[in-house]
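Engineer: The structure under discussion is supplied below as structure tokens; questions concerning it will follow.
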Amino acid sequence: MLQTEMKVIQQTEIADKVYELILTGECVAGMSPGQFLMLKPSRSDLLMRRPISICSYDKTAKTCILLYRVEGDGTRDFSKLSEGDTIDVLGPLGKGFDIDTTPAPKTALLIGGGIGVPPMYQLGKELAEKGVQVMFVNGFQSAKDSFYAQEMAEYGTVHIATVDGSLGTQGFVTDITKNFPEEPDVIYSCGPKAMLQAVKASFPETKTYLSLEERMACGIGACYACVCPKADDTNKQFKVCEDGPVFRADEVKL
């Protein structure tokens, strides 16, 4: 983990209020799929850092891509960044996805919902490079919210569900996965809690890893703002930022 400044290479709005931010910096060397960065807004009245998941990285070029949706003052501040600007970053943080499971999977199902889609990209890329057959299932509210289908298609098959039916299957990600003829060897998922609950319930016998989305204040486990109950003892809790954000589905109570 480093507290450092990263330089903006490029920023583009790629969907409705969703931005692709390309950064460069030394901290890229320590990144792994499923981790996140804590970004500090430039405005002096915005004291808290914002957690942004890592979409992809290139360790040789020392660049990474973050995808985020503008939802408040902090992310609105980030959306004003342009080429050559710098941003104060803490990271990479958290425990990411386990891609070295034993036995090695032949098939992997990657399920993302909304702004939970970005971490699926680098994960799918690295799994595909290991020879795993990758299936992406992405869920969005509408076609205008959809992104990265073309990029993901380089590493696996892509299925899209939209609530309003404007793109792909009308409904939710589970309306797609319930029609798959065979269960995958492993499932990785990131998105809203309701979606993760549905994924967990749909595949009770499949090895499943869930990346939890929680509001975070410190990002390093000091403030207990992002706790999640343990499945085996509801009196004990995980700190999502430090113990996760990725957990086995059987570890957590959603």
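Backbone N, Cα and C define each Cβ position, glycine as well.
If you look up Swiss-Prot, you'll see 1-99 marked as domain 'FAD-binding FR-type'. What Swiss-Prot records for R50, P51, I52, S53, L67, Y68, R69, G74, T75 is FAD binding site, and it gives sequence analysis as the kind of evidence. Annotated [2Fe-2S] cluster binding site per Swiss-Prot: C218, C223, C226, C241, in sequence order.
Quick one: where do these features end up spatially?
Structural biologist: DSSP gives L67 (FAD binding site) a strand state.
Its own atom aside, the Cβ of C223 ([2Fe-2S] cluster binding site) has 14 Cβ atoms within 10 angstroms in the protein chains shown.
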Engineer: For the domain 'FAD-binding FR-type' (1-99), DSSP counts of helix, strand and coil?
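Structural biologist: Breakdown, helix to coil: 11 helix, 51 strand, 37 coil.
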Engineer: Sort out for me which one of I52, L67, C218, C226, C241 has the most neighbouring CB atoms within 10 A, since those are the binding-site residues we care about.
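Structural biologist: Within the set of binding-site residues, the most crowded position is C241.
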Engineer: Which whole-number value in Å describes the distance between the Cα atoms of R69 (FAD binding site) and C241 ([2Fe-2S] cluster binding site)?
Structural biologist: 20
Engineer: When DSSP states are folded down to helix, strand and coil, where does C241 ([2Fe-2S] cluster binding site) land?
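Structural biologist: For C241 ([2Fe-2S] cluster binding site) - judged by DSSP and reduced to three states - the answer is helix.
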Engineer: I need the nearest neighbour of C223 ([2Fe-2S] cluster binding site) among the binding-site residues R50, L67, T75, using C-alpha distances.
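Structural biologist: Answer for the nearest of the binding-site residues: R50.
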